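Enquirer: Mind looking over this structure? Questions follow.
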Amino acid sequence: MTQSMEVDREILEAQDKVAEKTQIYVPYNILPLDPDSANQAIMKYPEIQAAVVALRNTRGLPWPKDHKKKKDDDILDWLQAMFGFQKDNVANQREHLILLLANVHIRRFPKPDQPPKLDDQALTEVMKKLFKNYKKWCKFLDRKSSLWLPTIQQEVQQRKLLYMGLYLLIWGEAANLRFMPECLCYIYHHMAFELYGMLAGNVSPMTGENVKPAYGGEEEAFLTKVVTPIYLVIAKEAERSKRGRSKHSQWRNYDDLNEYFWSADCFRLGWPMRADADFFHFPAERVQYEKTEESKPPYQDRWVGKANFVEIRSFWHIFRSFDRMWSFFILSLQAMIIVAWNGSGDPAAVFKPDVFKKVLSIFITAAILKLGQAVLDVILSWKAQWSMSNYVKLRYILKVVSAAAWVIVLPVTYAYTWENPPGFAQTIKSWFGNGSKSPSLFILAVVIYLSPNMLAALLFLFPSVRRFLEGSHYKVVMFMMWWSQPRLYVGRGMHESTRALFKYTLFWVLLIITKLAFSYYIEIKPLVDPTKAIMSAHVSNFQWHEFFPQAKNNIGVVIAVWAPVILVYFMDTQIWYAIFSTLFGGIYGAFRRLGEIRTLGMLRSRFDTLPRVFNQCLIPDDKTERKKKGFFSRNYDAKIPTDKEIVEARFAQLWNTIISSFREEDLISNREMNLLLVPYWANQELEDIIQWPPFLLASKIPIALDMAKDSYGNDRELRKRIETDIYMSCAIRECYAQFSLIMKVLVQGQRERKVIEDIFAEVDKHIQAKTLIGEFKMSALPSLYNLFVELIKYLLDNNPDDRDKVVILFQDMLEVVTRDIMEDQLSSLVDSIHGGSGNDGITPLDQQYQLFASAGAITFPVVEVQLEAWQEKIKRLDLLLTTKESAMDVPSNLEARRRISFFSNSLFMEMPAAPKVRNMLSFSVLTPYYTEEVLFSLKDLESQNEDGVSILFYLQKIFPDEWTNFLERMGCTSEEQLRTSDELEENLRLWASYRGQTLTKTVRGMMYYRKALELQAFLDMAKREDLMEGYKAVELKTEEHLRGDRSLLAQCQAVADMKFTYVVSCQQYGIDKRSGHQRAHDILRLMTTYPSVRVAFIDEVEEPSKDMDKKINQKVYYSTLVKAALPKSIDSSEPVQNLDQVIYRIKLPGPAILGEGKPENQNHAIMFTRGEGLQTIDMNQDNYMEEALKMRNLLQEFLKKEDGVRCPTILGLREHIFTGSVSSLAWFMSNQETSFVTIGQRLLANPLKVRFHYGHPDVFDRLFHLTRGGVSKASKVINLSEDIFAGFNSTLREGNVTHHEYIQVGKGRDVGLNQISMFEAKIANGNGEQTLSRDIYRLGHRFDFFRMLSCYFTTIGFYFSTLITVLTVYVFLYGRLYLVLSGLEKELSAQPGIRDNKPLQVALASQSFVQIGFLMALPMLMEIGLERGFRTALSDFVLMQLQLAPVFFTFSLGTKTHYYGRTLLHGGAKYRATGRGFVVFHAKFADNYRMYSRSHFVKGFELMILLLVYEIFGQSYRGAVAYILITISMWFMVGTWLFAPFLFNPSGFEWQKIVDDWTDWNKWIGNQGGIGVPPEKSWESWWEEEQEHLHHSGKRGIVAEILLALRFFIYQYGLVYHLTITKHTKSVLVYGVSWLVIFLILFVMKTISVGRRKFSADFQLVFRLIKGLIFLTFVSILVTLIALPHMTIRDIIVCILAFMPTGWGMLLIAQACRPLVVRAGIWGSVRTLARGYEIIMGLLLFTPVAFLAWFPFVSEFQTRMLFNQAFSRGLQISRILGGQRKDKDRSSNSK
């Protein structure tokens, strides 16, 4: 009985144990914290043990009563028990905190000797970083921080860990609240206070018990009670934004909600938070009380509204954010015009009293501008008034009042400075009484007016003072600062050091002086005289009905002449910026040693310095201090290598790793790889010979042989020739040494050895005496060489059957040496060969001993201990001896050349010294991924487009050499062989995917970081003998004892784990996995290939509701992290299952994606990242092995203070655009991008100090950004370009963004015109939204004047300038239209202002400069010149012109302008998915039409009509060169905007395609729209969608639209008077009659369409008769008009030109007033009219294209221009093949 009881007990115990173990053995991320894993390599690190021990110190913590204590509970478990955090959140943050502390601790103690105890200073350092923002927030709101430390020293560490743990746990579970850092501060403030209360044992006054947290206890309490209520507010506001369609002012975005916590009012929320607090209220609950004063509701029931700022769609934002700049330009313009107008126009005239007095009037303008700014501020902030404090409101009111006062005071005092005042001063005097003049009053007023500016200028010189003032909390200072700018939490103390200030000030002062001088002398001064002449001329004879014939001074003409010039005046700073930035960027680049090694030749010449530089840059010095370097010189000899062999071994390791990675990527062939490798196995026998890679030594031996053969015994001469070439002497010495070595190994027989040793001794003796050539005969050397080469071949094969041949070879060699070379030097030797010592007499021949023939004389085949090393040696010798042709072109692949030369070059640049891997900063990489390609499937690769071109074919044509290398690596000869096994097919898919823009490519690239770290850790830790064996050997060895955790490899991997994590955030992975999508399989495969990749995703699960009453399932969302589950045993026979393991599942308060997708996706995964740096990588990027080696150097930059002000918070990297080879468009795009990410950003970071974050490869200071809102902003629409806002945010919060040129990351860009246009549209939309954003407003106001200029011209200014460029053309042409049609041009044609207007030509030339992409081309040329040589740059430039780059740039100008302008007027910005595929397909005509109709075609037609009217009626300078030049750029613009999409469309001029396109377009235009019909299928749906932005535009937008549409009515008004019929009358009636005609035509059309619907069935005949009558009437009217008043063909054309725009204008107005039109019931007619217009436009576009397609050569030319030649050839061939295939198919079908 008892026995069975015991058994049962045992079973139960065992069961308990199993349950315990399953709890313990949870899948872990990086640190296995369960007790059984303590012997894993990573857990053996004393630093990690120290952190774990410190966390497990739970002494004195009051646990709740019902808590079951476990063995190793730690501080975080206690926090979980008290505050109710989630279990997985606790596990995640535990690992996070341990790794953070361990990494900081390691850095402080390079040598771990003491027992593990967590260092206090390491703890303090992390704590300081973590709480810097929180403490600042407390100080700003004047609250005491909740971080109270205990007095007892022993408890301090525990308390700090508690505070840090609490913050991280809050942050880890905050979900979308992470975007609101100050909201987190608020939550933390209260919870930390509760924590302090519990530890201090405080007693609650209400209950008399110990204090408990307000929200706490049960699991998920924090999530449900703290996070969810605030989350619901965000979600509800996001819902009210109607997916970003409603106006920004109607809903609160993340920024508004966060800024609620910037005022002390936020404490009204209370803790526990009050459900009725104003924060939680919505406008729906707001009743319209505001009308009556008395019944105002109690304060808290009102919607809080926007905080501090309202984003309102308006162009005024550009003026409001950068008011100082615009004021400066306006005042300068005014001053220049006054100076030019009065007197001789010499600028010195300013000092004449009269002129000076007039110039002083700029202060009056300044006051008016100030008033405008103040009023604008009030209008634009109106909607934020609810959340404003009274101080801010008071400030706004006072600003307006004071500005208005100055607007009165300054003009009045100014009027009294004159004796006989000019016009406007006279009127003022007449109002205020004519007193005597008193100039001093005005001067006094100006001085008082300027006093704030003077103070600001003084402070400008001392940035440190400004920093102090802005951060200070003294009341006086705060009052002063309050008047200058409202007190805000961000944007304080952003000023740089004095040195930086001096640099960018110098840059801008030079630029502004140049610009103003240019404007004055070239644009303004020459315009003054013509203007005076025009104003004095009198015109009475108008050609139209002039409404104001009495107007003075021809003011219309003056405006028409000046407007374009003034527009260009405001725009051309952008051109000057491009010029200056090119110059400065180039100079900076040269100083940073860019392009020192840009060709292989340069690399060869400097290769001998590489090992030294390698060791200097990439290998940590044992003494970390390195001498400071001089500015120009790099003293490489500062570090004498302690052990030359070790230096070489390390160099060999790193160099060979890089070369092998090239081979794996198929950039080089096997032969090239062998030529590039350095020997792995250090060769002890070759003491002082450096073994260079064979590609340097190739062909040196054969050349040396020839030299020796022809030297005729002249020893010194030959020696000199050989020693001049360092590589040749190395090769000779190495070959000789190796030769003797091989002999020693092979020859084992006693006598033979003696003979060989004697020979070598003799030769060595002569070498020492330098008499080798004189004594020996060299002409026989080649035959010895040939024999030796033969021997090497046998050794390579190592085949036992060849033994006899080898013996014969040896005998021949001996023969040659003794008989031919040494001739009679060795008589004794010869004797000994012939077997006797001479005194025995001559031995008979038959007994003669044959050398080398006996059994043991030669060891062959070789059985070496280190066979691999021996083989490597022989292989190398073979290469040295036999590579005849020069290896000048190794590697031949262009990409490999670029990478190798950039890498070598970067080693000569300034970079921080490398720390050991264990001491480096740890970092993570985060890649957001949605649904792009992961890996191409075979189907993707083989499916052909309509031309029969498949992706695979395309890739083989574009990368032919890489394809052959790939086949060689696979051991196949053709593509068919690849299909024989699954593994080969897999490799084929990978090969193709690595050449696309796929996730696989990105992951492979990022995992190079880990590979590099493992290798570097090995080089750091390895002992000497390990080093000599090499990393390869370690990898081989570990296969055997993988179990041994102390093995070197395990340690290397542990270090790599500690320092690097890679998280890919695959938002949809959970959904894909459930649906069994191929994507999920591919992602899983990635995880198994790279076990340290982690995938984070948002898991949606339906769970039964907690309430029993509700039977519905609710959706629950989890943030989940998974890793690949490794197979249990290594050698089990079961099939390996690839599964993933969930590591953490953290419940979210709701759906994670509330704002823009990508930042939300990043934000949900950011809590799984580790380390101190965080690199954000997009999934169109790539990385390289050699660049990954420099990562630890780069991270050291975080510790450097630049200019002593602040450490960097974002490190910018350069990118290399790898998609340039695809097509000519991709090439333009990649050049443009490359110049932006190199020369552009280099200048932005230094000297201008305004580099923000432009997307991808930047490395963030992770702790800095965690506590300040993450690495991007996510509000819908306003943060469309989420990346740059991270930069804005960082800068506003006193961060510092730098840029580093010595490391690069690859990046893909869009390759087809439609994708590029979509990308540019997205960027332009994003810039439109930035213009409205609070960030730009704050930067514009908080930067000093010059930094503000840099900020403007490098962000939204660029887009505004392109807008002005296009506007200039419009303004110029409409001005000309006015002059031509009114007849003023004819009357004034003698005037120089009309006739030969130089300034106008200059202005339009500047415009065309911008238009053809000059702004882009300049920096591009400079950068290519720097990095690849100026000759290359020039030839590239010419090539680009030939491939029609200006057409592309002009076209993209239209894209930018359209989308930027539309965003500012109407909104409608959205993320456009461009697709990252290859563009080898033809876009249909209808597609192009849909895409560009509004942005380009309509505008192109409008400009065309303007130019035509001008052609027909313009008189002025026919035939003048200037006219042709001016209009040529405009005609070019028209042609480009109308036809570029067809020009850049692959096979756009093929007849068959054209025919298909036409039928497709007809079908599209004719289709009925309706619900559910997509825009691609029907014109009506598309047309409705095109006007969608007007629905959400608001009144301002619609009024603007209508005003803009009015311009189309000018044509009709002007042209009607130019018909032959109306020649002689100028009455208004003519215009009236023309409207009658229009209405008549519309009426007839309407009746016909109504008639067709009503009568065509019943009264068919009658209806036909009526139609016929109408037609006859029309013809007869036409005939009579031509017969009687002599109407000409020209008149008909003019009529069309007059009436077409009118109809279009009416259409636009009808669309804008759509609700009214629909109510009036004529929407159908509007639609019909619109369709008519679209058909006409389509025809006009289609006809020329179809006409050109008639000629076959056009298509040829286009393909040649679009694609690089290789592909063009391939395409032609494949078309022919395709044709054959079709024929075959047909014939087989017919059978």
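Backbone N, Cα and C define each Cβ position, glycine as well.
TrEMBL lists these features:
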type: DOMAIN; residues: 158-274; note: domain '1,3-beta-glucan synthase component FKS1-like'
type: TRANSMEM; residues: 325-342; note: transmembrane segment
type: TRANSMEM; residues: 362-384; note: transmembrane segment
type: TRANSMEM; residues: 396-416; note: transmembrane segment
type: TRANSMEM; residues: 501-522; note: transmembrane segment
type: TRANSMEM; residues: 575-594; note: transmembrane segment
type: TRANSMEM; residues: 1402-1421; note: transmembrane segment
type: TRANSMEM; residues: 1433-1454; note: transmembrane segment
type: TRANSMEM; residues: 1520-1544; note: transmembrane segment
type: TRANSMEM; residues: 1598-1616; note: transmembrane segment
type: TRANSMEM; residues: 1665-1685; note: transmembrane segment
type: TRANSMEM; residues: 1692-1712; note: transmembrane segment
type: TRANSMEM; residues: 1732-1753; note: transmembrane segment
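Relative to the rest of the structure, where do these features sit?
Expert: Residues 1225, 1312-1314, 1369, 1373, 1396, 1400-1401, 1404-1405, 1407-1408, 1411-1412, 1444, 1446-1448, 1450-1451, 1454, 1483, 1485, 1488, 1491-1492, 1496-1497, 1499-1501, 1503-1504, 1507, 1510, 1741, 1744-1745, 1758, 1762 of the same chain lie 6 or more positions beyond the ends of the transmembrane segment (1520-1544) yet place their CB under 8 Å from a CB of it.
A Cβ distance under 8 Å defines the sequence-distant neighbours of the transmembrane segment (1598-1616), meaning residues of its chain 6+ beyond its ends; these are 544, 1374, 1377-1378, 1380-1382, 1465-1466, 1505, 1509, 1590, 1622, 1630-1631, 1634, 1694-1695, 1697-1699, 1701-1702, 1704-1705, 1708-1709, 1712-1713.
If you look at the transmembrane segment (1665-1685), the same-chain residues 6 or more away from its ends with a CB under 8 A from one of its CBs are 1620-1621, 1644, 1648, 1651.
Under 8 Å from some Cβ of the transmembrane segment (1732-1753) lie the Cβ atoms of residues 1485, 1489, 1493, 1497-1498, 1501, 1538-1539, 1542, 1548-1551, 1553-1554, 1558, 1561, 1565, 1579, 1583, 1703-1704, 1707, all in the same chain and six or more residues away from its ends.
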Enquirer: DSSP on the domain '1,3-beta-glucan synthase component FKS1-like' (158-274): how many residues come out helix, how many strand, how many coil?
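Expert: Across the domain '1,3-beta-glucan synthase component FKS1-like' (158-274), DSSP assigns the residues as follows: 78 helix, 2 strand, 37 coil.
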Enquirer: Might you confirm whether the transmembrane segment (501-522) is in contact with the transmembrane segment (325-342), defined here as three or more C-beta pairs under 8 A between residues 6 or more apart in sequence?
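Expert: Yes, the transmembrane segment (325-342) and the transmembrane segment (501-522) are in contact.
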Enquirer: Looking only at residues six or more beyond either end of the transmembrane segment (501-522), which have a C-beta under 8 A from one in the stretch?
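Expert: Sequence-remote neighbours of the transmembrane segment (501-522) are 332-333, 336, 339-340, 347, 460, 463, 495, 569, 572-573, 576-577, 580, 584, 1246-1249, 1344, 1346-1347, 1349-1350, 1398-1399, 1402.
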Enquirer: What is the average pLDDT across the domain '1,3-beta-glucan synthase component FKS1-like' (158-274)?
Expert: 89
Enquirer: Near the transmembrane segment (1433-1454), which residues from the same chain, at least 6 beyond its ends, have a CB less than 8 A from one of its CBs?
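Expert: Distant contacts of the transmembrane segment (1433-1454): 1224-1225, 1227-1228, 1231, 1313, 1316-1317, 1320, 1362, 1365-1366, 1410-1413, 1416-1417, 1421-1422, 1424-1425, 1495-1496, 1499, 1532-1533, 1536-1537, 1540-1541, 1543-1544, 1761.
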